[in-house]
Amino acid sequence: MTVQPKIDAGARTGAGIDPRYMSGFGNSFETEALPGALPIGRNSPQKAAYGLYAEQLSGSPFTAPRSTNERSWLYRIRPSVKHGGRWSKCDRGLIRTAPCRDEADLPIGQMRWDPIPLPAEPLTFITGLHTVTTAGDADTQAGMAAHLLFVTASMEREYLFNADGEYLVVAQEGALRFATEFGVIEIGPGEICVIPRGVVFRVELSGGPARAYVCENYGGGFTLPDRGPIGANCLANPRDFLTPIAAYEDIEEPSTLYAKWGGELFSTPIGQSPLDVVAWHGNYAPYKYDLRHYSPVGAISFDHPDPSIFTVLTAPSETPGTANIDFVIFPERWAVAENTFRPPWYHRNIMSEFMGLIYGVYDAKPEGFTPGGFSLHNMMLPHGPDATAFEHASTSEQKPVKLTGTLAFMFETRFPQRLTGYAARSSQFQPDYTACWDGLKKRFDPNRREAW
Ligand SMILES: [Fe+2]
C-alpha cells in the first residue's frame with residue numbers, strides 16, 4: 001500500500017489550517033501527490049507523467065454557465081473504465097430514494113423521534129445508512145433524502161459512489177474518515193463533509209462508533225447563499241471550507257465497488273483500490289466545514305429574523321429564492337433583542353423542515369428534542385415553541401443571554417418529505433409529541449387590552 005500525500009505548493013498551511021487541506025469554496029484547486037504528476041498548461045497531454053491516465057469528472061453539463069460549471073481533471077493509475085464493470089443489483093438495506101410514497105401510513109402531523117441507539121451489529125457507511133424521509137424525485141434531479149447514519153465498522157476493500165446525488169454528512173457522535181478519489185477528509189461532531197455526486201469513497205472509523213445525519217441532495221450541488229445587504233462577510237465564509245490535497249492508494253487486492261444508481265444499489269468486483277488519483281485539478285471535489293466557524297447575524301434591537309439568516313449552504317432550484325434544499329444551523333449566539341419574543345415564532349411554511357440536534361439544548365424545545373434525535377415539520381403543518389419555552393420567553397427578564405453549547409440544524413426543502421417505513425415504525429417515534437403544545441392556554445380577553 002502506498003499513500004503519499006504531498007503538501008500542495010499553493011495550499012495555505014499557516015494560521016491553523018491543517019496542511020492536508022486547501023482553503024476556499026468552489027476554487028479551481030490543483031494538487032499533486034508526486035512532483036510533476038499534474039500537467040502544466042494543459043489537461044490532456046499525449047502521455048501523462050508517471051504513466052497516469054487523464055480523466056475528467058463532470059458535475060455539471062459541459063455547457064453549464066461558467067458560474068455553475070463544475071468539473072475536475074483526475075490523473076490516475078487506471079482509468080475508471082477499469083474499475084470493475086460487471087455490475088449486479090444487491091440488497092439496498094434501509095436505503096430509500098424518492099419517489100417513495102407507500103411505506104408509511106401514519107397520518108400527517110408534526111413528528112419527533114428520540115435518538116435511535118447505535119446498533120450493536122457491524123454497520124458500514126452503506127449498511128448503516130437508514131433513510132428517514134424522501135422528497136421530490138431523484139430521476140428528475142429534484143428533492144432530497146434525510147438519512148440517519150450509524151457506523152460501527154470501517155469499510156474494508158469496499159468503495160461507493162452515488163449517482164443519484166451528493167451526500168452532506170453532519171457528524172453527531174464519533175469521528176469519520178472519508179478516503180476519497182480526491183484525498184482524505186476527517187470530521188467529528190460539529191463538522192460536515194460534502195461528497196459530490198459520482199465521487200468514489202470509502203468511510204472508516206477514526207475511533208469508536210459514529211453517528212451522523214446525512215442529507216442526500218438530488219439537485220444541483222450545494223453552494224453558498226448570496227448575502228445581499230449583509231455584505232461581503234459573515235455567515236459561512238469561503239476560506240473556512242477545506243478540500244483535501246491529493247492522496248492515492250496503489251493497492252492490488254480483490255475489492256467491491258458499490259454504486260447507488262436510480263434508487264438501487266449495485267456492486268461490481270474490482271481488483272484494486274479505485275482511490276488511485278495521484279494528482280487532480282478543478283472545482284468539483286469533496287470538502288469539509290466546521291460549523292463553529294459560522295458567523296451568525298441576527299437581531300440586535302427587536303424582532304426575530306427569518307431562520308434563513310442561518311443558512312450555511314443552499315442547493316438552489318430553477319425558481320429564484322426557492323431552494324431545493326437549504327442547510328441551516330442554530331449555533332451558539334447571543335440573544336439580545338428587547339420587547340421581543342426571542343425563540344422562533346409560531347409558523348406554517350410551504351417548505352418542509354427536517355431538524356436534528358448535534359449537541360446541547362434547542363431554545364424552542366428545551367425538552368424532548370435531544371442530541372441524536374430528530375423532528376419533521378412538513379409542508380404547511382404548524383409548529384413553534386412548546387408551552388414551557390413560550391411561558392419562559394414571554395415572562396423572563398430580557399437581559400442579554402448567551403445560548404451556549406448548542407448546535408441544531410435543519411434540512412429544509414421545497415418538497416414535502418415522505419416518511420419511510422423505518423422511521424414510521426421506529427420505537428423512538430414520539431406519539432405524544434404534539435402534547436408539547438397542550439399547555440398553551442387561551443389568554444384572550446376582549447375587556448383587557450394590556451398584556452397579561
Ligand atoms: Fe419552522
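Every residue, even glycine, has its Cβ placed from backbone N, Cα and C.
In three-state terms derived from DSSP, H304 (active site, proton acceptor) belongs to neither a helical nor a strand segment and is classed as coil. Around H304 (active site, proton acceptor), taking its Cβ as the centre, 16 other Cβ atoms fall within 10 Å, counting all chains. Positions annotated as active site, proton acceptor by TrEMBL: H304.
Its own atom aside, the Cβ of H383 (Fe cation binding site) has 23 Cβ atoms within 10 angstroms in the protein chains shown. Look at H383 (Fe cation binding site): DSSP puts it in a strand. Look at TrEMBL and you will find H347, E353, H383 tagged as Fe cation binding site.
A C-beta separation below 8 Å, combined with a sequence spacing of at least six in one chain, links Y362 (homogentisate binding site) to F330, M355, F369, T406, A408. Residues or ranges marked as homogentisate binding site in TrEMBL: Y362, H383.
TrEMBL lists 20-291 with the feature domain 'Homogentisate 1,2-dioxygenase N-terminal'.
The domain 'Homogentisate 1,2-dioxygenase C-terminal' annotation in TrEMBL covers 293-444. Each residue in the domain 'Homogentisate 1,2-dioxygenase C-terminal' (293-444) has a pLDDT score, and their mean in this model is 95.
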Subject >> Other CB atoms, at most 10 A from the CB of E353 (Fe cation binding site) >> reply: 21
Original post:
Can you list, in sequence order, the residues of the same chain other than H347, E353, H383 whose CB lies within 8 Å of the CB centroid of the Fe cation site?
Top reply: P344, R348, N349, H377, L381, P382, G384
**OP:** Between the Cα atoms of H383 (Fe cation binding site) and H304 (active site, proton acceptor), find the distance and write it as a whole number of Å.
**Re:** 16
Original post:
From H304, E353, Y362, which recorded positions have a C-beta atom under 6 Å away from some atom of ligand 1?
Top reply: E353
**OP:** Fill in the CA-CA distance, H304 (active site, proton acceptor) to H347 (Fe cation binding site), as an integer in Å.
**Re:** 12
**OP:** For H347 (Fe cation binding site), write down the residues of its own chain that are at least 6 apart in sequence and whose Cβ falls under 8 Å from its Cβ; none is a fine answer.
**Re:** P382, H383, G384
